[in-house]
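Engineer: Sharing a structure, written as structure tokens. Questions coming.
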Amino acid sequence: MADSPRDSSPEGLVSSNSNSKYPNFEVDYVISYSLPPPSPPSQQLAEAEASFSQLIHLLSKTGFAVEVRPGRPPTTPTSPSSLLIFLRIASHSLLEKQIYRYRVQDWLYGVRTAAPGPPNSLSEQEPITDAERLRLAYLLITKPVNEGGAGITPGVGQWRFVKSVFPLHDRKFNKEWIKDWSTKYILDDEDLLKIRNQFGEKVAFYFAFLQSYFQFLLFPALFGSAAWLVLGGFSWVYAVVNCLWGVIFFEHWKVKEVDLAVQWGVRGVGKIQLPRPQFKFEREGLMRPYKRLARQALQVPFAGACVVVLGGLILGCFSIEIFITEVYMGPFKQYLTFLPTVLLTIFMPTFTTLLTKLAERLTELENYETVDAHQASFVQKIFVLNFITSYLGIFLTAFVYVPFGKILVPYLDVFQLTAQKFTVEGKPLPTKEWVINPDRLRKQVIYFTVTAQIVNFATEVIVPYAKRRIFKTVEKVQMEVKGEKGAGVEWPKDADEEHRFLKRVREEAELEQYDVTIDYREMVIQFGYLSLFSVVWPLTGCSFLVNNWIEARSDAMKIAANSQRPIPWRADSIGPWLNALGFLSWLGSITSAALVYLFNKSGGGQLGVGSVWDIPGWALLLAILCSEHVYLGVQFVVRGVIKRLDSPGLQKERAERFAMRKELLERMVEEEVVSAQAEKGVGVRDGEKITREVLEEEARQHSGLGPEKVFWLRQRGAGESVEVGRGLIQLVSLANNNTAKRE
């Protein structure tokens, strides 16, 4: 087994000062098992104990060596606690079989060009990376029992006490990673390969996209600076060049991600989709097409609800802001100007959270068989939410406030009439004559492209670190108040050689899980600002260039320090976000043409000077249509469209390949079941009789072993692991009685 050393440091989030060969104690995964609070007494604790016993036996039967240690102690009688379950693939042959099986599967699906050799020569044919080992180990934990796995689905059904399943960080790699990226301006293919081997292709594709996007930003940053100095805002020259840049970048990335997929050996891996454990079988496992189509059609009213709720909130706050800042001249104006911001800060996160939960519920209702299909549908809904919250305010300013402001502002008197009810004797509030503020649009674009980026950085990096420090301080104070015994139970102390390691694992167990979807969303929304509105302020590219250099390093720090190590999933592209990029690039050709035509005074734009009615509608429509057709023509040339016809011969070939895959995989599953029965109890010694002579002999054998080896010998198989866990659970159940006696 060609495992790469997984060195790390027990201290610090990205530091490494250990000389041990296995500072992670050869642990593959850690399960954080949550225990309900001991007080008030409930049936949940008994359910947690029964589920824990079943969990240990399933994992041991699947082929994992299991060790149990105390996790988070109960600081108060009403606070939850946890256990830590350490897993390691115990059988060398089991790992080889899993690698061989999935490499054969890749070959059958066309991901690999040649069939893999014998299982005992896999490491010689292709190195076994940490990412591959951890991915296959996670599949063993989560895939159904009838497929050779343990069938563990964290947080669902009988496994609701399983809080998380995560691999441990390689602290040595993290330290070198952050150090290298801090001294480089451009990341090369070797850097991306290291990320791929450590965190999997899904995370590596994000950093590859971010790096490619950063390199392409050099041109709009330089050209935008020149345009800002020479041409000013709303330049048709800048608009044309920016749209061409968007097309070239989009088409370049489509080719780039295919090239990376080939280099990383995952070309076409999207066809091998993981089944969703939450999928509900209908009609022998198939869902009626018309039923799913009807449920997918609910995306239309969902989008309408997003427009009504979020759009109504933004429009209302937008109107209040205009009235207070540009019409109202009464008392407390300097304080009332913050009212729209306060309203958005209070209600926007609430409404967004509710709509996000609704999106999750609708996606669950659509009942997809695979994880990829479920994720793609959810991303579509999230993109609608973010499109409204990110761009609607600028659209209102550009296409409502400026063109129709003189017509609509008189209706804002409703705010004045409402406020007069709170004045003495209902006196009219002092106001001033309203005029269009032509600089408002530029200020909005600057805010979203500069200030908002800084706020996002603080939210992602600084706030989680501060929250973690505050919570740790509060927990320390609670422990000091209650004493070291916490909730009335003396939590077992760690062995000296394991203390630093277990302390680090407990810290990682409390971290949030990393979601690459959030980072993709930020970059796609940022690309939208550049495509849609940078013609207003050409320095947008400069702002994003600086931001993204920092973003790449802060995202690396977020993974290494503020999140659990991600499961190393495979991918062959950036997924559904590619369609979002194409849509924003196309929409940018329309909005840029409209903004230039309406606001470029040298080109005949009337807004801010004359009336909207002075602009011929046919001319505006013609400008938009011409811009869109030029965009499509350039896209046609750049892409070189190749039409693919689905002939009956190809359909027959797919059917034959499917039958061959099914037959071979079924035969392999049967062989694994027979082999598993023959190797039943691998790595365990539950049936061995324990005598004094046996213990003395083991003590002599273990006296020369290092702590990473002794770690896996403290508990003699699943039986002792269950007993240790039950003992810890019983300590929690006694907490309420002990607390009552002390009081």
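Yeah, the Cβs are placed from backbone N, Cα and C, and that goes for glycine too.
For reference, TrEMBL lists these features for the protein:
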type: DOMAIN; residues: 26-162; note: domain 'Anoctamin alpha-beta plait'
type: DOMAIN; residues: 195-656; note: domain 'Anoctamin transmembrane'
type: REGION; residues: 1-22; note: region 'Disordered'
type: TRANSMEM; residues: 203-223; note: transmembrane segment
type: TRANSMEM; residues: 229-250; note: transmembrane segment
type: TRANSMEM; residues: 297-323; note: transmembrane segment
type: TRANSMEM; residues: 335-355; note: transmembrane segment
type: TRANSMEM; residues: 383-404; note: transmembrane segment
type: TRANSMEM; residues: 445-466; note: transmembrane segment
type: TRANSMEM; residues: 577-599; note: transmembrane segment
type: TRANSMEM; residues: 619-642; note: transmembrane segment
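Context for these features, please: burial, neighbours, distances.
Structural biologist: Counting same-chain residues at least six beyond the ends of the transmembrane segment (203-223), those with a Cβ under 8 angstroms from any Cβ of the stretch are 186-187, 192-193, 195-196, 238, 241-242, 245, 249, 252-253, 256-257, 260, 264, 514, 516, 519-520, 523, 527, 530, 534, 538, 540-542, 544-545, 548-549, 551-552, 555-556, 559, 566, 568, 571, 573-574.
Residues 213, 216, 219-220, 223, 442, 530-531, 534-538, 581-582, 585, 588-589, 592-593, 595-596, 599-600, 603, 605, 627, 630-631, 634-635, 638 of the same chain lie 6 or more positions beyond the ends of the transmembrane segment (229-250) yet place their CB under 8 Å from a CB of it.
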Engineer: I'd like the per-state residue tally for the domain 'Anoctamin alpha-beta plait' (26-162) from DSSP, helix first, then strand, then coil.
Structural biologist: 62 helix, 24 strand, 51 coil
Engineer: Below 8 Å between Cβ atoms, which of the listed ranges 383-404, 445-466, 577-599 makes the most pairs with the transmembrane segment (335-355)?
Structural biologist: 383-404
Engineer: Can you work out which residues elsewhere in the same chain, 6+ from the ends of the transmembrane segment (445-466), have a Cβ less than 8 Å from its Cβ atoms?
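Structural biologist: Tertiary neighbours of the transmembrane segment (445-466) are 390, 394, 512, 522, 526, 529, 533-534, 536-537, 540, 543-544, 547, 550-551, 554-555, 557-558, 561-562.
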Engineer: With a Cβ cut-off under 8 Å, give me the same-chain residues at least six positions beyond the ends of the transmembrane segment (383-404) that come close to it.
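Structural biologist: Hits for the transmembrane segment (383-404): 302-303, 306-307, 310-311, 314-315, 318, 322, 348, 352, 355-356, 359, 436, 438, 440-441, 444-445, 448, 521, 524-525, 528-529, 532-533, 536, 580, 591, 594-595, 598-599, 607-608, 612.
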Engineer: Using Cβ atoms and a strict cutoff of less than 8 Å, what residues sit near the transmembrane segment (577-599) while being 6 or more residues removed from its termini?
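Structural biologist: Contacts of the transmembrane segment (577-599) (Cβ under 8 Å, skipping residues fewer than 6 from its ends): 233-236, 239, 242-243, 246-247, 249-250, 253-254, 257, 379, 383, 398-399, 402-403, 441, 520-521, 524, 527-528, 530-533, 535-536, 605-608, 615, 619-620, 623-624, 626-628, 630-631.
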